Each structure stands twice: as C-alpha cells, then as structure tokens.
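Participant: Take a look at what TrEMBL says about it:
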type: DOMAIN; residues: 118-158; note: domain 'EGF-like'
type: DOMAIN; residues: 159-197; note: domain 'EGF-like'
type: DOMAIN; residues: 238-277; note: domain 'EGF-like'
type: SIGNAL; residues: 1-20; note: signal peptide
Amino acid sequence: MQGVCAAILCVSVFLRSAISQPPTESDTYTECTDGYQWDPQTQHCKDINECETIPEACKGEMKCFNHYGGYLCLPRSASVIPAPDPPSQPGTNLESTAREPFNPCPLGYEPQGDSCVDVNECEKDEHDCQPSQQCINTPGAFTCQCPEGYRKVGTECIDIDECRYRYCQHRCVNVPGSFSCQCEPGFQLAGNNRSCIDVNECDMGAPCQQRCYNTYGTFLCRCDQGYELGPDGFACNDIDECSYSSYLCQFQCVNEPGKFSCQCPEGYQLLGTRLCQDINECETGEHQCTEGQTCVNIHGASQCVDTNRCQSPYVQVSDNRCVCPVTKPACRDLPFSIVQRYMSITSERSVPSDIFQIQATSVYPGAYNTFRIRSGDHDGDFYIRQINNISAMLVLARAVTGPQEYTLDLEMVSVNPLLSYQTSSALRLSIYVGPYAF
C-alpha cells in the first residue's frame, strides 16, 4: 500500500500490486496488471507514468501525481509524501519499480557534484501556483505572487477593493485588479488621476447667452441690464420696462432691446430722459407768422395773432392797447381801454388754481375799484377773487382739457363817489389750453 498526503488531507491508496509471475522454461510472455507494463530488461512489471502518457490527465487547476499502478488529480498546492513499502507477501514480486535515488540535500535542493544547488521549481513546473499567479523561485522553495491589484488569501488571489481606502476625492469605481476615479459634474480629474479640479465651463463654451460666471463645480448665467434670465437659465429675454409702469415717461414709453426710451409729442422736446418740455417756436423761428402778426407761444404749438386787434370803435394807441374815445357815442357803455394779453395753461390742471393776476396801472384818489369777468366765461370755468383795491386774481374753477381757447374780458370798474365819476378798463386775456397735462 502506498500512502499519499495532499495539503492537510492524507489519502491512503491501495494499489493493485503488480505481481510478476516467474517465467517457466516454457513461458514466453508474462501478463502485468493494469497500470504496469513488462520490462524485458529487468524481467519485471514496471509502473506506467500516466501523467506523461495521458494528455491532460488532470483538468483545470488540478495537478497530476503519478503513483504505482495509477495516478491522482490533486490541487496544485498538494504534495505527495511516499509511504513505507507494503510488507512482502508470499508468492509476489515486490520490486515493481526502481526506487528514487537517495537525496542527501535539504528539501528544495538537489545534489550537484559535492554540493547542493537550489531546485528551480518554477522552471521544472514543480509548483502549485494557479494559472493567474506568477511563480517566483526562492532558495529552497518558491512563492506564488498575485497580479497587481490582487491579494493572496490562502492559495487564491482576491481582488483588492481600493475604493475602501478612499484614494479618490469624489467617486471611486472598483474594477478587477484595479480602480478608477470619477468626478462629479463640473469637475475633471487632475494629473494624479485621483483629485478633482473645477472645470471653468465659461471657457469651455457654456451655453450662456450673455454673461457667464464660473463657480466651484458649476457656472451661472447672467444677463445685461434690461434683460432677464429665461426659464432655462441660459437665454436672456428683453424686459419690457414700459409694461411695468405708466410713470416711466411723461408722454410715451418705447421699449427697445435691453432698454427703453421716452418720446414727446410734436411741439415738445425731451427734458432729460423722461420729461417733455414745450418748444418755444417763437424763439426758435419755427413759425409762419407774417410781419403784421405777432407770434404767441402756446403749449405744443404757436399762434400768429394780428398786431392790431383793435375793433371799432376802438383805436390802437400802442402795442396791445386799444382806446375807445369818449367823444364817440358808441363808447359810452364800453370800457375806456382794452389791453391784449396771452397765456397758455396745461390740460387737467388741479383746481381751484390761480392762473392770472390783474393789477391796476392807474389809481385815482378816493376811487373804489371792483373786478369782474365781463365776457367769455360761458360755462363758468373761471372766477375773480379780489385781493385788494388795486388787484385781483383770475382763478380756474374747473379742470379743463385742451386743445381749446378762451378769450376773457376782465374788467376793472372805478367809482369815485365824491366826484360822481365812474370809468372802467378791460384786459382781454386769450387763454390757450394745451392738449396735455405738461
């Protein structure tokens, strides 16, 4: 019986003894049992080494171990220790194979001359390393080394999970025998393939329509003044400032890409950026008045009035002043003099509003003066508030809208009771109401 020990497991295998029948003088052929063949030189049955004669006798990670009369398939980590020879049995020939020569060297060495030299188990394929492992010869032995990224556990190579050691700054992806680092969006791997550095998306074609600001790990889109960021966070849409308020411009607001502008009606010019100011066409010369006419500036336009506006029985005595001679019978009930004046007011003026002050130019001792609207106020839009004996104020009583024109005769009546004398004078005031509230 031969004893076979594999790793920590010892297997005892009962071999079929190759019994050699001693040949007789008449025998010319001797039959051997399975696993043996007849050796005519030694005249004995010799063990067949199946590990050499059978192709791929053992599969996979198993290793073939020859023994007398058969073979074993054991793990590569197993080793075979010869057991003592079985006792002799009567009628049998115990000499089946030649014994291995005596080795006086330590395990892992073999004699060479008078010295012992290391046996290279890796070259002789006398190792139990797995195909995925590398056999490295050492003095008197050998070691099985795992590929990079693996660690040896027993006889097996187990993948090292490098991600457990937090080699990566952001994300670690373990793969067999190695690992890779990945970065969060907005970052990219640094030169060491482990750290993550910020990506400047603004320099890499970020989809911002107008302005791009890089931030740590991301970016922000911003818009120029007059624009607002769209729902997608990239596009800039024009802000219609005119729709936000009706007080941005005094007259009309015009929206433009990224801004707005104010416009004024004809006859007005922009004062600053939002207000409208009347253009004085009489000063700029932008009027059509003739030599016999006087240019009167009004809100948004101008008026050409005749220089001599005196109507019979009045006669002109000076610019804007007409006199009705007392010698004319028709002048008996009329004011002695009429002075022409012109003014312009805006529409929707708040009321009551003082708009024109009347002042007596001649004062006679002992005379009492009263003021009234003689004509022109058909709808009661005005009234007179007397201030004292020589002055009064014309007051706008109701809000009026233009364009329209009023011609009011404001009369001052003077009475002297001591002299039994009464006279009057008038101021013909032409009031032009502009079309706008400015």
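Yeah, the Cβs are placed from backbone N, Cα and C, and that goes for glycine too.
Automatic, uncurated: that is what TrEMBL annotation is.
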Participant: The domain 'EGF-like' (159-197): mean pLDDT?
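Facilitator: Summing pLDDT over the domain 'EGF-like' (159-197) and dividing by its length gives 93.
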Participant: By Cβ distance under 8 Å, which residues at least 6 away from the ends of the domain 'EGF-like' (118-158) in the same chain are close to it?
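Facilitator: For the domain 'EGF-like' (118-158), the nonlocal Cβ contacts are 61, 63, 75-79, 106-110, 176-179.
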Participant: Counting only residues 6+ away from its ends, which parts of the chain sit with a Cβ under 8 Å from the domain 'EGF-like' (159-197)?
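Facilitator: Beyond its ends, the domain 'EGF-like' (159-197) has Cβ neighbours at 147-151, 216-219.
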